[in-house]
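Asks: Here it is, the structure in full.
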Amino acid sequence: MERPPGLRPGAGGPWEMRERLGTGGFGNVCLYQHRELDLKIAIKSCRLELSTKNRERWCHEIQIMKKLNHANVVKACDVPEELNILIHDVPLLAMEYCSGGDLRKLLNKPENCCGLKESQILSLLSDIGSGIRYLHENKIIHRDLKPENIVLQDVGGKIIHKIIDLGYAKDVDQGSLCTSFVGTLQYLAPELFENKPYTATVDYWSFGTMVFECIAGYRPFLHHLQPFTWHEKIKKKDPKCIFACEEMSGEVRFSSHLPQPNSLCSLVVEPMENWLQLMLNWDPQQRGGPVDLTLKQPRCFVLMDHILNLKIVHILNMTSAKIISFLLPPDESLHSLQSRIERETGINTGSQELLSETGISLDPRKPASQCVLDGVRGCDSYMVYLFDKSKTVYEGPFASRSLSDCVNYIVQDSKIQLPIIQLRKVWAEAVHYVSGLKEDYSRLFQGQRAAMLSLLRYNANLTKMKNTLISASQQLKAKLEFFHKSIQLDLERYSEQMTYGISSEKMLKAWKEMEEKAIHYAEVGVIGYLEDQIMSLHAEIMELQKSPYGRRQGDLMESLEQRAIDLYKQLKHRPSDHSYSDSTEMVKIIVHTVQSQDRVLKELFGHLSKLLGCKQKIIDLLPKVEVALSNIKEADNTVMFMQGKRQKEIWHLLKIACTQSSARSLVGSSLEGAVTPQTSAWLPPTSAEHDHSLSCVVTPQDGETSAQMIEENLNCLGHLSTIIHEANEEQGNSMMNLDWSWLTE
């Protein structure tokens with residue numbers, strides 16, 4: 001790489017010149033990189049011997065650059081010591097390096113032949129508008145705004161535009177007017193071109209011209225003519241005129257509207273036209289509009305801020321493949337927005353499903369502003385996708401976007417010969433059309449992808465519920481097994497002791513009813529049929545994910561777009577003087593692209609219908625899973641209640657048994673101590689058939705007393721007392737020796 005004059009090989013120390021970034025009227029701008037630290041800076045050096053006046057201008061630029069500090073004005077930095085030398089008696093200017101190139105490079109890309117995308121236009125409007133406002137607030141007029149003097153820098157994935165080259169900038173403090181200028185004529189304000197006194201409004205003209213070119217792909221006024229020619233034809237235009245073109249007849253047609261095609265959303269077009277009418281006013285006194293007394297700034301900046309602050313939601317209707325846009329007033333609810341969508345599309349609010357690009361359904365509890373991301377502008381940057389929940393079959397494809405008049409003209413007769421200069425515009429619109437078809441497919445594919453992500457979210461929810469259901473079913477099964485075994489054991493032990501212990505028909509009946517309920521609840525826990533349906537859906541979703549139609553199928557369309565771009569580039573390089581050509585090859589590409597789009601859209605909508613059908617199956621299945629889960633939980637709670645109730649009854653049974661044992665022990669002790677004819681009458685019957693229930697604990701009963709009987713049995717009393725004592729002792733030992741350990745299991 002050629003080294004700038006004055007720099008000897010090796011003189012830069014660790015700094016190495018990597019490439020020349022640009023060449024201006026007096027200087028070169030080169031990229032320098034530090035060999036060790038990976039630092040990069042742009043160095044502007046003088047390439048010519050300068051006159052005293054131009055040397056002053058050069059030094060003035062350095063002075064201006066060093067005092068500025070704004071995100072949208074390129075920053076000056078210190079020249080590295082190893083490079084800090086004078087070249088042609090003027091110092092070097094070191095600046096931050098912006099790796100994205102300049103705006104001209106972006107505009108020259110064939111895919112931008114009909115203008116930039118809306119997001120790029122609005123980003124440029126915001127950045128450069130902010131930079132110009134900053135310069136003017138610091139009493140600096142740039143005077144040479146043009147695409148070559150706007151550079152792009154990627155900052156955290158976002159493109160930032162910066163103003164460079166203040167070589168022709170005018171510090172207003174040095175004098176309010178200036179009548180000398182040597183700048184770029186195509187973007188020059190009329191008063192500068194005519195060498196008349198000027199003010200800061202010259203930057204408005206240049207800025208408006210740039211923005212118009214970014215929108216349309218060409219400058220606003222007879223762009224194919226030299227300024228000397230078009231100035232005379234345009235100078236008497238209406239103040240609201242923002243566009244002029246020459247008809248085939250040679251007549252100039254004026255318009256207050258933006259030409260088509262362009263990428264601006266319909267809601268942005270009108271305010272943008274109003275803004276351009278202020279910026280492209282021929283009269284410098286009226287240009288930019290009056291100063292707003294409240295905001296203390298020209299009307300053009302007020303309107304610019306209004307455009308940039310518009311909250312616009314862009315919605316792709318997947319049932320019609322059409323984009324609809326809505327301006328969101330402050331605090332509008334989502335329901336209000338859905339009502340507007342219903343009026344526009346005919347899809348009632350209850351059937352609308354609005355998905356973000358990540359497949360998340362919009363939250364009806366949040367305002368409609370959730371459809372708009374902060375700092376993200378343009379329909380090409382963010383989209384919300386509208387689905388009709390009442391439909392699972394989306395027929396598609398739909399009619400392709402309409403052809404412009406120019407493109408339709410060559411499609412009707414591809415062999416017609418047109419002048420090269422006219423053909424360039426026609427083919428530019430053809431490239432825009434082909435690119436548009438590809439972008440239409442890409443947007444619909446993003447909508448399909450949102451539907452797939454939504455399906456996967458539903459599937460994840462179904463999987464979570466399935467796991468919860470299986471877990472609940474397994475827990476119920478385990479509890480039922482425990483309940484069944486424990487109640488069987490309880491019934492067995494109860495039967496063993498009831499012949500000589502405690503019994504209750506009412507309790508026994510309740511326990512048997514519990515056992516029957518437990519058998520019924522076992523059926524509630526059977527969920528195999530639901531598991532089968534869920535697994536079938538999982539398999540279906542896996543197949544949809546593997547399907548080639550779930551991946552982008554636009555390779556052929558991209559190839560056709562590139563062929564159209566290559567044809568257009570070849571045409572641009574052909575000389576335009578008195579040359580003609582037909583459009584046979586370009587029309588072939590257009591036809592093939594339409595056919596390709598038709599094919600991939602059929603596949604896309606077929607796949608989309610399967611996605612939506614599968615999602616509907618999940619929606620239908622979820623309530624069944626919820627009911628099954630609810631039934632299992634209810635059964636689980638009932639089983640636990642029955643278990644608890646039975647345990648309480650057992651403890652009550654134990655309490656009664658202990659009470660009975662204590663009572664009998666007390667009676668036995670009394671009989672052992674002293675038996676008299678009077679006390680013998682209180683001895684209980686010894687019948688083994690006597691029934692003991694929970695409600696009636698056996699106590700000493702009154703027996704028939706007879707003096708005669710006492711006399712007859714007095715001799716046998718000692719023997720009887722012994723028998724009663726032994727029976728009482730045996731009964732107590734039997735109750736205490738029962739196995740009650742199951743209660744603590």
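Every residue gets a Cβ built from N, Cα and C, even glycine.
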Asks: From the list S176, S596, S695, pick out the residue that Swiss-Prot labels phosphoserine.
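Replies: The residue tagged phosphoserine by Swiss-Prot is S176.
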Asks: Quick one: which of 150-155, 654-659, 738-743 does Swiss-Prot have down as region 'NEMO-binding'?
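Replies: Going through 150-155, 654-659, 738-743 one by one, Swiss-Prot flags 738-743 as region 'NEMO-binding'.
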Asks: Looking at 37-58, 103-124, 213-234, 455-476, which one does Swiss-Prot call region 'Leucine-zipper'?
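Replies: In Swiss-Prot, the region 'Leucine-zipper' feature sits at 455-476.
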Asks: According to Swiss-Prot, phosphoserine sits on which of S180, S404, S435, S721?
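Replies: Record lookup in Swiss-Prot returns phosphoserine for S180.
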Asks: Can you break down the region 'Leucine-zipper' (455-476) into helix, strand and coil residue counts using DSSP?
Replies: 22 helix, 0 strand, 0 coil
Asks: Over the domain 'Protein kinase' (15-302), work out the mean pLDDT and round it to an integer.
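Replies: The average pLDDT of the model in the domain 'Protein kinase' (15-302) works out to 87.
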Asks: Using a 10 Å radius around its CB, how many other CB atoms surround T23 (ATP binding site)?
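Replies: Cβ-Cβ neighbours of T23 (ATP binding site) within 10 Å number 11.
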Asks: C-alpha of G27 (ATP binding site) to C-alpha of D144 (active site, proton acceptor): distance in Å?
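Replies: Between the alpha carbons of G27 (ATP binding site) and D144 (active site, proton acceptor) there are 15 Å.
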Asks: For L21 (ATP binding site), write down the residues of its own chain that are at least 6 apart in sequence and whose Cβ falls under 8 Å from its Cβ; none is a fine answer.
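Replies: L21 (ATP binding site) has long-range Cβ partners V29, C30, L31, A42.
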Asks: Can you count the other CB atoms that lie within 10 A of the CB of G27 (ATP binding site)?
Replies: 25
